[in-house]
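**Student:** For reference, the structure I am asking about is given below.
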Amino acid sequence: MTKAGSKGGNLRDKLDGNELDLSLSDLNEVPVKELAALPKATVLDLSCNKLTTLPSDFCGLTHLVKLDLSKNKLRQLPADFGRLVNLQHLDLLNNRLVTLPVSFAQLKSLKWLDLKDNPLDPVLAKVAGDCLDEKQCKQCANKVLQHMKAVQADQERERQRRLEIDREAEKKWEAKQRAKEAQERELRKREKAEEKERRRKEYDALKAAKREQEKKPKKETNQAPKSKSSSRPRKPPPRKHTRSWAVLKLLLLLLLCVAGGLVACRVTELQQQPLCTSVNTIYDNAVRGLRSHDILQWVLQTDSQQ
């Protein structure tokens with residue numbers, strides 16, 4: 001087998017206007033670099049070669065308008081084949097293609113397509129039709145584009161669905177993580193509160209013990225004088241109302257004097273004296289008055305009025 005550069009020869013020598021014919025060149029590789037240097041070659045014929053794949057940089061030949069890849073051994077097209085947005089005519093007759101890349105839907109300029117003699121997927125084969133004449137090949141291009149757009153839309157929906165599933169899964173995971181973090185925060189908060197409460201109780205207990213220790217010496221000092229005082233003889237309580245006692249004693253003394261004078265005036269020889277005569281008269285009147293209860297009634301009346 002021959003490499004692309006050898007039997008391809010000087011590509012400029014094969015260029016006829018805008019057409020470049022590399023058919024029947026026994027190529028097993030596409031000379032992409034040489035082709036990229038010929039942007040005028042908008043019509044490229046690579047039919048009847050031994051190509052099994054197209055390199056990804058082949059899709060950079062966006063100047064291509066007509067491309068003939070018939071009668072090769074292509075099993076698949078590059079994933080970004082849709083970059084050939086100026087392509088209008090595409091011949092894929094007699095290859096080994098089963099499916100087309102989803103990007104095929106981006107070939108909006110495609111007007112003609114031939115997919116005969118390929119082991120196509122049954123659905124794609126039915127869409128493509130027979131391509132027996134010009135009209136059917138044009139219909140094939142239109143129908144395949146519509147089909148690939150539908151496939152692309154389905155894949156996009158599936159991609160969005162998977163993205164949504166992934167987002168939902170991520171949201172659930174994030175919610176689970178937030179719940180876990182909240183639970184951990186709550187646990188730490190509760191532990192901190194319990195630790196604070198424990199320390200507060202210890203502090204209160206320490207203060208209470210300190211207060212008890214401060215009270216004990218006071219009790220001992222209060223009890224010590226009591227014990228000493230119990231051993232000593234009790235002192236008589238101080239006299240109160242000393243002045244009242246003096247007045248009372250004076251009154252008693254006066255009464256004794258009066259009583260003594262009265263006795264002397266009544267019993268002794270002094271009763272004949274003028275002073276004793278007056279005293280005896282007063283005494284007799286007083287006795288008579290008491291007997292008539294006048295003084296007693298006067299006292300009672302005075303008490304009732306008060």
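Cβ from N, Cα, C; glycine included.
According to Swiss-Prot:
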MOD_RES   MET1  N-acetylmethionine
MOD_RES   THR2  N-acetylthreonine
MOD_RES   LYS73  N6-succinyllysine
MOD_RES   LYS135  N6-acetyllysine
REGION    175-241  region 'Disordered'
REPEAT    40-62  repeat 'LRR 2'
TOPO_DOM  2-244  topological domain 'Cytoplasmic'
TOPO_DOM  266-306  topological domain 'Lumenal'
TRANSMEM  245-265  transmembrane segment
**Student:** Within its own chain, what residues at least 6 apart in sequence put their Cβ under 8 Å from the Cβ of the residue listed as 'N6-succinyllysine', listed in sequence order?
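**Tutor:** When sequence neighbours closer than 6 are ignored, the residue listed as 'N6-succinyllysine' has LYS50, LEU51, THR52, ASN95, ARG96 within Cβ distance under 8 Å.
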**Student:** When DSSP is mapped onto helix/strand/coil, what comes out for LYS73 (N6-succinyllysine)?
**Tutor:** coil
**Student:** Tally every other Cβ atom lying within 10 Å of the Cβ atom of the residue listed as 'N6-acetyllysine'.
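**Tutor:** Taking all protein chains shown, the residue listed as 'N6-acetyllysine' has 9 Cβ neighbours within 10 Å.
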**Student:** Report the mean pLDDT of the predicted model across the topological domain 'Lumenal' (266-306), rounded to a whole number.
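**Tutor:** Averaged over the topological domain 'Lumenal' (266-306), per-residue pLDDT gives 67.
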